[in-house]
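Swiss-Prot annotations:
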COMPBIAS  201-220  compositional bias 'Basic and acidic residues'
REGION    201-221  region 'Disordered'
TOPO_DOM  1-9  topological domain 'Cytoplasmic'
TOPO_DOM  431-486  topological domain 'Cytoplasmic'
TRANSMEM  10-30  transmembrane segment
TRANSMEM  58-78  transmembrane segment
TRANSMEM  86-106  transmembrane segment
TRANSMEM  115-135  transmembrane segment
TRANSMEM  148-168  transmembrane segment
TRANSMEM  177-197  transmembrane segment
TRANSMEM  253-273  transmembrane segment
TRANSMEM  289-309  transmembrane segment
TRANSMEM  320-340  transmembrane segment
TRANSMEM  353-373  transmembrane segment
TRANSMEM  383-403  transmembrane segment
TRANSMEM  410-430  transmembrane segment
Amino acid sequence: MTKITRVGSASPPDGGWGWMIVAGCFLVTICTRAVTRCISIFFVEFQTYFAQDYSQTAWIHSIVDCMTMLCAPLGSVVSNQLSCQAGIMLGGLLASTGLILGSFATSLKHLYLSLGVLTGLGFALCYSPAIAMVGKYFSRRKAFAYGIAMSGSGIGTFILAPVVQLLIEQFSWRGALLILGGFVLNLCVCGALMRPITLKEDPSGPEKSHDRDAQREDCKQASPYSPLTKEWTETRLCCSLQQGYGFLLMSDFVVLAVSVLFMAYGCSPLFVYLVPYALSVGVSHHQAAFLMSILGVIDIVGNITFGWLTDRRCLKNYRYVCYLFAVALDGLCYLCLPMLQSFPLLVPFSCTFGYFDGAYVTLIPVVTAEIVGTTSLSSALGVVYFLHAVPYLVSPPIAGWLVDTTGSYTAAFLLCGFAMIFSSILLGFAKIAKRMKRTQVPFLVKDSDPKLHLWTNGSVAYSIAKELDQKDEESLAKARTGCNLT
């Protein structure tokens, strides 16, 4: 069977079948991120049925989130080696199998492996290839296409949260997991929509491709143990790593990475413990599930409106500050949460936290681009999202241990709130220190020799200027006449 490749124009079509790709990615985000959020609705059911404490039960949600983030590069590798369609279909089968096997679990360890590892691995194989495919079909309207595709997370949470609660009441948690397993099989349909596209190459493309093939053949014919081949390969590998991941040595990026660890630690436990906390203060099951729905839909509003606002001319130069503001406000919401012990008070909390959660998630790529530049943005974002994996894994169990130890949610929520506030303060101090360092440079230049105003490379350039001053004027005149004659 021959593989059919579709050849388009030299640039992405920005429409056509691309809108089906957007629809497919929209459904993928519903079946992955929204379903992951709704697993927290099963928390009380798992805890009651297996008679386990908070920390042990929280590992289920942590493993799903961690596997989805940790194995995202594996999803890219599978889709590149096979195809995007095959990768997403395989991920859909694995995720559905994990949910179905989870419905027959007899212990939490079975849920760790089935609902945690297997389902999380399936989500990882689907999530990153679907997002990458949108970028292949869109160029000018890429941001708008991504806005529609990524909104599936919030919309899916808004719809699925009350539906999952209803399924649990009607069919128990086992029946609800079984039905979710069938629902997640729609990922295979989404994978079928991801039709590959091959863009026309430039006229010089075939020659370049031919040259690359010739070089590849020469490398194959060369002995792998040749010292020259080995030295060239090692040099090329070091240069490519330095160009692709040189930002890891930047102090600003190191500060961002540390702040992301604290931010990810703070934001994750709420999606696990909001429903159990609401139930513990006397809120009904339907109202607790509705709080998750509110959180999801307001998250979409934060994504769209905050991104639009920071694109305005008045705020465009203050995106970094807006990011810090959003993260800090989510931390303040955490600090206020232990005092909110009724449904009318928890609704404004869900709205506020959901809005600013969507706000700073939108600005993460923007802040990263300001630090590393657009050239290394793709690699830097991969590292930033990879750093979410460990906090997503450990923060819910730590919060659960605090609940078991103290008998209340106060300590867990306060720790999460202070973690997010510290993340914001850390980036803020780094920004202030960098600005103060810049303001000191003009004062140093004013106090130095006036010739430094003409040279930008410091002492080396000044020594060159000094040598030119010591040159004999006659030799310089002869040099000028010689240039004129030639």
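Just so it is clear, glycine is given a Cβ too, placed from its N, Cα and C backbone atoms.
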Exercise for review: Answer with yes or no whether the transmembrane segment (148-168) touches the transmembrane segment (383-403) by the criterion of at least three Cβ pairs under 8 A, sequence separation 6 or more.
Suggested key: no
Check your understanding: Any chance the transmembrane segment (410-430) and the transmembrane segment (148-168) have 3 or more Cβ pairs under 8 A, given the pairs are 6 or more apart in sequence?
Key -> no
Check your understanding: Can at least 3 Cβ pairs under 8 A be found between the transmembrane segment (177-197) and the transmembrane segment (86-106), with each pair 6 or more apart in sequence?
Key -> yes
Revision key, fill the gap. Top stretch by Cβ pairs under 8 Å to the transmembrane segment (320-340) (candidates 58-78, 86-106, 115-135, 253-273) is 253-273
Exercise for review: For the topological domain 'Cytoplasmic' (1-9), would you mind checking the mean pLDDT of the predicted model?
Suggested key: 45
Revision key, fill the gap. Maximum Cβ pairs under 8 Å to the transmembrane segment (148-168) among 58-78, 289-309, 353-373 is reached by 289-309
**Study point:** Close approaches to the transmembrane segment (86-106) from elsewhere in its chain (Cβ under 8 angstroms; 6 or more beyond its ends)
**Key:** 28, 31-32, 75, 78-79, 114-126, 129-130, 174-175, 177-178, 180-182, 184-188, 190-192, 194
Exercise for review: Mind checking which residues of the chain, 6+ beyond the ends of the transmembrane segment (353-373), have their Cβ under 8 Å from one of its Cβ atoms?
Suggested key: 154, 247, 250, 252-253, 256, 263, 267, 270, 294-303, 306-307, 310, 319-320, 322-323, 326-327, 329-330, 333-334, 380-381, 384
Study note, to complete from the structure: Same-chain residues at least 6 beyond the ends of the transmembrane segment (253-273) with a Cβ under 8 Å from one of its Cβ atoms are 37, 40, 43, 58, 61-62, 65, 247, 292, 295, 327, 330-331, 334, 353, 357, 360, 367-368, 371-372, 380, 383-384, 387-388, 390-392, 394-396, 399-400, 403, 409, 412-413, 416-417, 419-420, 422-424, 426-427, 430
